[in-house]
Amino acid sequence: MKANFGKKEGEYSRLVSKSSNKLLNSLWEKKQIPEEGWSEHTLDLFLSWLSSHDTNNRVDMIPVGAGEREGRVLTPLVQRLHSNLTHGIGRSGNLLEIQPKALGSSMLACLSNEFAKHALHLLGLHAVKSCIVVPLCTGMSLSLCMTSWRRRRPKAKYVVWLRIDQKSSLKSIYHAGFEPIIVEPIRDRDSLITDVETVNRIIEQRGEEILCVMTTTSCFAPRSPDNVEAISAICAAHDVPHLVNNAYGLQSEETIRKIAAAHECGRVDAVVQSLDKNFQVPVGGAVIAAFKQNHIQSIAQSYPGRASSVPSRDLVLTLLYQGQSAFLEPFGKQKQMFLKMRRKLISFAENIGECVYEVPENEISSAMTLSTIPPAKQTLFGSILFAKGITGARVVTSSQSKTTIEGCEFINFGSHTTEQHGGYLNIACSVGMTDHELEELFTRLTSSYAKFVRELAKEDERINSSGRRIPINESFDMEND
């Protein structure tokens, strides 16, 4: 039966097509996160629109690929997973360059960079001039920045690295072909803070041998975020690049304020942040931000080859889905959740005879002492928490043993300092944590701790009565309290 479509229906069809095109074209013209989030249907439409710009997906001609890379994908499932965007981003030797036969993929890369900059502006880094989304982890992104500065400082051999007991930032220095000069933090009550005087002295002594200073603004308590304002002033005075490892620091208003202030009072050449930790997307990407346009240009030109567009795609889709208001909401929620977590941790600590470190500048991580658990049993307690489904929490013990990473020896690795301590528990509140998760965390933590200390007491009784030590993990039921 022939469908009876008249003039009215035809006009409606043209209106729908016109509205869709207007929405997509408006996005491309503005290159900003929309006020309101988009539906999944609209996101599918957006991806189809982008992929239709790549030559291998054109409908107005049959492409004939005569090169070594023509967007060919054998498996239909893989092609669908990538939404027919198979060319990647950039051209050989420049991540920002447009690929003529992959216009849609290049548009996606452009949108991701502009969205990242807009997101940082919304969070408070208003002076950021340029961003680039790279398909690299935070450590590799740090390495890319350092590699790009090699020509600017041909005599450089070293990177001044403020100790943070996290392997990837240290490895990034060696991967870029440099060696670290390690600066230990200093104690300020409970906090481990930046040794500014030592950094200044090293730069004065080494001068052109220093490639850059790498500071860290997101870390586990009791380490405090580095004093980026003071370091930026030193770097400006001595004309030394300043690289900020801001892995998950976008979640902290105080960290955002400190980075903005560092730019105002001194020198900040690049700020690196993780996509998955800040934007709730899968692991695999980072945002490199700069306060000068040419700083990003040089970093983009140091990337060898083309790059995967997957992290760019995931970021763009996530920000389109959220819109501006929904994007900011989890960051405001994180601050409330952190304060709530800290109150509950202090209450729990007081009930069991422990205390919580006072690290006022760290708005993401907290640390509680474990003096009521023997040092030899603290690691086991951490394992039990993991077995109970508490992921991300860490038990940090203290010892004189040495850990070697890339030839560097560290005493007490994991503690950010050589100082001895009684052991502590780290927990963090990151973007996306819910009230239910927080309540369940303390329910499991409370019950696990109570049973653990009961088993410790029973073990002591067995030792006293029989002289035979029965390991606590033999008697601790991992499944049932």
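In case you wondered, yes, glycine gets a Cβ from its N, Cα and C as well.
With ARG91, SER92, GLN99 listed by Swiss-Prot as binding substrate, the candidate from ARG267, ARG306, ARG313, ARG342 annotated for that site turns out to be ARG306. GLN99 (substrate binding site) has a Cβ environment of 20 other Cβ atoms inside 10 Å. Take ARG91, SER92, GLN99, ARG306, the residues named in the record as contacts for substrate: the widest Cα to Cα gap among them comes to 10 Å. Distance from the CA of LYS277 (N6-(pyridoxal phosphate)lysine) to the CA of SER92 (substrate binding site) is 29 Å. In three-state terms derived from DSSP, GLN99 (substrate binding site) belongs to neither a helical nor a strand segment and is classed as coil.
With a cut-off of 8 Å between CB atoms and residues at least 6 apart in sequence, the same chain places HIS87 near ARG69 (pyridoxal 5'-phosphate binding site), listed in sequence order.
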